[in-house]
Amino acid sequence: MAPTTPSSHRPRKRRRYPTGSNNSLILEAEGGKSSPAFPLVSFLWAARAGVSQWLVLPLILMVVGLFRWAVSLWGYSGFQVPPMHGDFEAQRHWMELTIHLPMSKWYLYDLQYWGLDYPPLTAYHSWLLGKISGSVLDPSWFALDDSRGFEDPKLKVFMRGTVIASEYLVYIPAVVNFLRRYTRMQGVPAWSASIALVAILLQPATILIDHGHFQYNTVMLGLVVASLDAILAGRMLWACLFFVGALGFKQMALYYAPVMFAFLLGVCIFPRVRILRLLNIAIITILAFALLFTPLLVAATNADARDYLSASAEPPLLQALPIKLSKDSFLYAPVFQLMQIIHRVFPFARGLFEDKVANAWCAIHTFYKLHRFEASLLQRVSLGATLASILIPCGIIFRHPRASLLLPTLASVAWGFFLFSFQVHEKSVLLPLLPMTLLLANDGGLSKDTRAWVGWANVLGSWTMYPLLKRDELRVPYFVMTGLWAYLMGLPPTSLETYRSRTPGGESRPVSEPRILTKLLHFCFYLAMIVWHVLDAFVPPPEGKPDLWVVLNVLIGAGGFGIAYLWCMWRLITQCWQIDRKAAEEESRKKKE
């Protein structure tokens, strides 16, 4: 019998994944089999072998689009609630007035009925959408004055379609491009990037507000993400243009403005002063704002517009100018128009906060009524608290203007604005949630620890908006979208996978897993949210306190958002410390050589 010879076959080596990326997505069983770490990984499990992105991306966009359209089939803000209705009617009314009135009247027409109070780019966007309907579809939807409160089902389909079209033209391309560039920079594989993309595009709060309640927030958010993408590409002037566009579409983009200012100033000063770059950024920013306002200011110079503006009540800002302009002056009408736009966009007379919002001021107001103080004092206190909350992150990004620090800095500053700034809406929580959710695209962004914090903040953010969504008859979409997102990410209340440790006894906790304190903290909040829903559904509030459950929602939400702010700050500081340590080690190594 011939002796056996060793086989020439060698078993294929198991593929090694970069730390913190794919290894957070795959569980290795005892038999050598691999399994998904959480349900969202299962959704893209077949793509882990290197399926072309030209196949994966269209499938992702179709799936997330179906969820958006499904939410849009439900109610919206102000449906069958006369006389003012809601945000749906406000957006429809702006289309109505922009296509029928000259530009000089846009910010002055019937201010008691949803007067235009967003920046010029929103007005131009409304004009474009109104023109499409007025000339191609049904002009009766936007008949001046006669169409107020119009609730035709076909109009609803058109309006919902404009939100999806706007999002797919601005927000989604910006997020896709940003993630491609950012994940390459972080060394994250394409498969992990696709999973992060699905998680970001299924973010429940954004879908529920834009496609349920009805707004166009994703246009502004998309322009912000496009600005971040331009920064990653080293195109600072394009970053300025996109960010001015975001400010020109919705003034809430100011939540990000201190970070962008500090970062762009920092890249002009460190590691060496670059005067020419600073001048270019300043000139482009000024020209971009001028381009936004020029059509409105030029429209104010014709004879009819000058007569109309001269006969109108002067805005407070015009009255406060140190130089008094004659109504016969050529500059009077353009200055009037500019001051009126600013007055409408920044309504300081409305109060410290809007409705009941989960921020510091509304929480304090529960125990100590703030309306006893003068509005001017509240404005100063709010400004001081906001500046104090954003000083450290802005200082860090100014001194260390690195693209890798932008997301935690933006999240920290946006949380500071949400918690302490003047005139905050509950929907403003979308601004800190965006950069915080984009952290999922980091190297290690889909690890248990980061996923636990990002997921918890998103569930909490959606939960604090439940009273608003309940008024809009959006209970079912709220529970479906929030529950689905929690399930896909392996989060409570659908799963405890993210918080379950797989470390054998005696071994230290991996950095990628949540700490014990994190688990206890998050479980307390998840339990509080579940108990609150039970109380809201089955226990009527006591007589004399009809808003008790809403106030409890505010207090829990404000506490949670304060913790989210501290976590983003801690993450920023630790990342900055790691960068400084690596730089010091590199410098020390060079000296030794």
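Keep in mind that glycine also has a Cβ here, set from the backbone N, Cα and C atoms.
Looking at 225-244, 405-424, the stretch flagged in TrEMBL as transmembrane segment turns out to be 405-424.
The transmembrane segment annotation in TrEMBL falls on one of the ranges 350-370, 476-496, namely 476-496. Taking every recorded stretch in 253-271, 278-300, 377-398, 476-496, 547-568 and counting its Cβ pairs under 8 Å to the transmembrane segment (54-76), the highest total belongs to 476-496. Non-local neighbours of the transmembrane segment (547-568) in the same chain are 356-360, 362-363, 366, 389, 408, 411-412, 415-416, 418-419, 429, 432, 436, 453, 456-457, 460-461, 463-464, 466-467, 521, 525, 528-529, 532, 535-536, 541; each lies 6+ residues outside the stretch with a CB under 8 Å from one of its CB atoms. Below 8 angstroms of C-beta separation, residues 17-18, 21-22, 24-25, 40-41, 43-44, 47-48, 50, 53, 56-57, 60-61, 63-64, 67-68, 71, 172, 175-176, 179-180, 215, 217-218, 221, 427, 429-430, 433-434, 437-438, 440-443, 445-446, 458-459, 461-462, 465, 469, 474, 477-478, 481-482, 484-485, 488-489 of the same chain, each at least six residues beyond the ends of the transmembrane segment (188-209), sit close to that stretch. Remote same-chain partners of the transmembrane segment (516-535), defined as residues 6 or more beyond its termini with a Cβ less than 8 Å from a stretch Cβ, comprise 449, 452-453, 456, 459-460, 463, 466, 492-493, 499, 549, 552-553, 556, 560, 563. With a threshold of 8 Å between CB atoms, the same-chain residues lying at least 6 positions outside the transmembrane segment (377-398) that come near it are 258-259, 262-263, 265-266, 348, 352, 360-361, 370, 405-406, 408-409, 412-413, 415-417, 419-422, 565, 569, 572-573, 576.
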